[in-house]
Protein chains: 2
Amino acid sequence: MLTSIATVCLSGGLVEKLHACAAAGFDGVEIMDADLIAAYESPEEIRALCDRLGLTIDMFQPMRDIEGVSDDVFAENLRRAEAKFDIMQRLGTDLVLVCSNVATASVDDDAVAAAQLGLLADAAAARGIRIAYEALAWGRYVDDYRHAWRLVELADRPNLGVCLDSFHILSRGHDPAAIEEIPAEKIFFLQLADAPRLDMDVLSWSRHHRLFPGEGDFDLTGFLAHVQRAGYTGPLSLEVFNDTFRQTDVTRTAAHARRSLSWLADRTARERGTWADRLPEPQRAQGIDFVEIGGGDLDAVDRLLDRLGFAFRGRHRTKPVRLWTAGDARIILNEQLRAERPRLSAFGLVVADAASAAARADALGAPAVYRRSYAGEQELPAVASPDGTEVYWNDAPDGWLAEFEGGRGVESFGGRVDHINVAYPWQDFDEAVLFMTSAVGLDAEPPADVPGPQGLVRSQVMRSRDGIVRLPMNLAPPTAPMPSRHIAIRTGDVIGVARAARARGLDFLPVPDNYYDDLAARFALDPELLATLRELDLLYDRDDAGEFIHFYTPTIGDVFLEIVERRGGYDGYGALNAPVRLAAQRRAGVGA
Amino acid sequence: MLTSIATVCLSGGLVEKLHACAAAGFDGVEIMDADLIAAYESPEEIRALCDRLGLTIDMFQPMRDIEGVSDDVFAENLRRAEAKFDIMQRLGTDLVLVCSNVATASVDDDAVAAAQLGLLADAAAARGIRIAYEALAWGRYVDDYRHAWRLVELADRPNLGVCLDSFHILSRGHDPAAIEEIPAEKIFFLQLADAPRLDMDVLSWSRHHRLFPGEGDFDLTGFLAHVQRAGYTGPLSLEVFNDTFRQTDVTRTAAHARRSLSWLADRTARERGTWADRLPEPQRAQGIDFVEIGGGDLDAVDRLLDRLGFAFRGRHRTKPVRLWTAGDARIILNEQLRAERPRLSAFGLVVADAASAAARADALGAPAVYRRSYAGEQELPAVASPDGTEVYWNDAPDGWLAEFEGGRGVESFGGRVDHINVAYPWQDFDEAVLFMTSAVGLDAEPPADVPGPQGLVRSQVMRSRDGIVRLPMNLAPPTAPMPSRHIAIRTGDVIGVARAARARGLDFLPVPDNYYDDLAARFALDPELLATLRELDLLYDRDDAGEFIHFYTPTIGDVFLEIVERRGGYDGYGALNAPVRLAAQRRAGVGA
């Protein structure tokens, strides 16, 4: 697989962008005209830098508003083109993108457009330059790749072919199957972009909201499969206009972009049953091995877990690490993170082949995590997710339990980890979605907005298909503090757990009385249940499938716990209660 | 005029919101259900707080998905409603908003919907409660205010009327003229929101992009005129769902919101030729009196102006302030701002009645500026704009010139201030637009996005109709540094000014060579002109009306100068050159 990326995807100056692309492992780049124009380096210097960095300049782009015009306008367009061909020869690239005419087209006649494309190709041929013609989704007369291909066929020049862009095709709902009818040698270039399904004008959608493959709603594996079956063997190139990636760190975004292509090629190969470009097998999570809270002083967390009814299972033989359990829910307290406030620092997944899971994450560019271990201790491979939370894989689940000694507590309830709630600043959100999809094997559910007291919090649930791993991710608004993370424990009797915890002196996040008045209005609840909810600061939700009862502990450092009970087939997270929780936490002095 | 605001417009908890609304001078509030639910204070406490703050609770909102349903669903809806009526009685408010059914409507029959609204009204009547029925733009069967009014007429209950919301009416392009056919006593409430024209689904548009009056594209004065002519005398209430205002400072946003109503009522009165609610007369700017650069040490700016060809006109008699001029362009250097980096600190406008201009700004809540002056010195009234830049008004233009003594320089060119470019962080942008519209009397032109190396910069030109005052405002992306501000001086011979300045040793912002290659490709430029542009680091643009040639000085502190020449009828700002300028400034170590 050859990989490429348009320089317009990244922030900074052209030289920075090229360094970042090379560092991320791209084979080539598409150089955007505007990036070159704003650079002090000459085309010859850029060419030499790309040579040194091992980057091919796969395409120069774009040439706009060429075809479908009157003769005098076309003559002027040819003059413009010749000037750009000069630049291309200095850059040492032989392929130029020509987008279908948006602004100046005045002749809606395929014969005229094809003739003009032919003349442009002839002018290019004299310089050894090839033309990749692309239908923009908002082209004046040509807005469909099949139409662009008809024009290319009609013009019939060896150095004229098409450029296919997944956004322009899928955003319009055009069937990509006809790509297979285009001869491989006439597909000169392939641009890939994902996007969320948005109901807005396609130009704004394209210019502001494109995403890297795996982060949006397009069926890019199906799209790529068509292109591969057509016989295309050129670069897979990313062209992603996105307001966020235009301003995030260039090196990090380039790595993120490169990961999206590895994911896409792997997924497409698996769906097609082909072997090239496969990464190590994705490992389905069979369970959550543990969740870890790290920090310099976790005494308050010990106290919290004790009052909740967790059992203390002892200290680690060689490290300042403690284990608490409630049934299958295992929480590790790690005081090796010396100077830090308590936070959700890691979680572990039970898989069939931990080494393969780690190898896959490594192939996707996730940084490996090192932790010192001693002879006889179980070693778990791990990587860091984009916010630093570490992800461990374990294929010998109970192996490390024996490393903890001196426990004495008795569990007062059985539970399991229901979900792990993490949070990302807005600029790292899409990267996190791709990481969780590609390296951890979770799927993205449709996102929702939750009104918090300091702005809308976007909630994006990532989960394994069977629901064993559920990872709601919160996106913080730019000016608001990051939401705290939390661990939700599922039990069959949340009322009993709450009552016992209260008897042991646990503080609850207090719920306003008005909430219960509203609950009574919304649902015709049994008065006794309502009284119990009110007494114990429990929150409630219901849908057609079942009921959800839950409560929150106060926040310690940057983490808190939630205890949940799912009755019937309720599969949500009590989203309607989130604004109440956020307001209560803000009042308690915690970040929104 | 009675003013009100929905609590959902603001950030924070309900009590904070109420305090901010009172401080901003609102007469009342609409309390959003969700705000009360998340509050620990009981409805009785909220009622008492509003009493103490002098706020009426004008409406409780909203009750959703009531009408157009089967009998059993309606029975359950009535039960829900009764529970909310309880809350309303505790709050002491008698008006509730009922939005047209979005989710559960299953009976598309006006007779059924009207009958159910009638029954709801009867239940409310028993408590002394009135129902304001509103057509949501995305209601299932009722999405037009005229339809909502037909249902209200059909139901025919004294305590059932309509609520009109400008967004739901104008977003759908419905003609608001028919409002005048609704009897005044049946218009129970009026909600006002502006919005930019966006081509997207109306639900997302409404939930994320509403603006305060004067900040968007809706004809709200025309809308309000219809409502006033219908005889409505109730509160003008703001209901603005906006992702930004949900997170900005509650006190500042409430003041900003209140200003928008004063502006709207004033503008409507002027358009209708009525007298109530008028503010002091807006003052058309006849010219730019001066632009001021403030800072602790402005020596570098003196040097810059000298090399540009400005004349030194002397020091102020009593203050550490200096004056430089080039024709009508007057730049004041103010070293009273001791510890600060050089920045654009103020500008002055020539008007017919300075006191009236200041009184108007004061009535709009703009903070007055105090500057010490001595006997015999001209006093100019001034206010601070949202970013702190001071705006002065002068109706005796040359009055203060004589306060400067000891000048000796000779102007080497004649000029005038072409435009003043300011910058705002994204969260203050709409407030700034409203300030410039309402207090400074400028109009907003359609905004444009300029790709900078650290993200898209939104450019919003504010100008007086005659083009005498032009104020392009840049909106910085959240993570990028604030763009520097600048003063653009217009001359009839930019090439001569540039050449002379270079001869005097002025540094120019260097323009990449690649830019000139692109210029040659874009325009069939005279080779001699192209060579001159390249030699002097001049930028060029052209449109159907004329040509634009300009150059930039290096940035000092937070400010730089631009010299521009407009040939023919060119009326823009060289937007295509902005990315090159931004990249060059970033390379020179200046904020994006």
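Glycine is treated like the rest: Cβ placed from N, Cα and C.
Features of the protein shown, as given by TrEMBL:
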type: BINDING; residues: B:Glu134, B:Asp165, B:Gln191, B:Glu239; note: divalent metal cation binding site
type: BINDING; residues: B:His419, B:His486, B:Glu562; note: Mg(2+) binding site
type: DOMAIN; residues: B:287-407; note: domain 'VOC'
type: DOMAIN; residues: B:416-554; note: domain 'VOC'
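Annotated features, which come from TrEMBL, shown on the structure.
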| residue | record | DSSP (3 states) |
| --- | --- | --- |
| B:Glu134 | divalent metal cation binding site | strand |
| B:Asp165 | divalent metal cation binding site | strand |
| B:Gln191 | divalent metal cation binding site | strand |
| B:Glu239 | divalent metal cation binding site | coil |
| B:His419 | Mg(2+) binding site | strand |
| B:His486 | Mg(2+) binding site | strand |
| B:Glu562 | Mg(2+) binding site | strand |
Take the C-alpha atoms of B:Glu134 (divalent metal cation binding site) and B:His486 (Mg(2+) binding site) and report the distance between them in angstrom, rounded.
47
In the same chain, which residues outside the set B:His419, B:His486, B:Glu562 have their CB within 8 A of the centroid of the CB atoms that define the Mg(2+) site?
B:Asp418, B:Ile420, B:Asn421, B:Pro472, B:Ile487, B:Ala488, B:Ile489, B:Phe560, B:Leu561, B:Val564
So which other residues, same chain and not among B:Glu134, B:Asp165, B:Gln191, B:Glu239, have a Cβ within 8 Å of the centroid of the Cβ atoms at the divalent metal cation site?
B:Leu97, B:Cys163, B:Leu164, B:Ser166, B:Phe167, B:His168, B:Phe189, B:Leu190, B:Leu192, B:Ala193, B:Ser237
Just the number: how many Å between the Cα atoms of B:His486 (Mg(2+) binding site) and B:Glu239 (divalent metal cation binding site)?
36
When the pLDDT values for the domain 'VOC' (B:416-554) are averaged, what is the result?
93
I need the nearest neighbour of B:Glu562 (Mg(2+) binding site) among the binding-site residues B:Asp165, B:Gln191, B:Glu239, using C-alpha distances.
B:Glu239
Most crowded position, judged by CB atoms within 10 A, among B:Glu134, B:Asp165, B:Glu239, B:Glu562 as binding-site residues:
B:Glu239
Taking just the CA atoms, what is the gap between B:His419 (Mg(2+) binding site) and B:Asp165 (divalent metal cation binding site) in Å?
37
Can you count the other CB atoms that lie within 10 A of the CB of B:Gln191 (divalent metal cation binding site)?
25
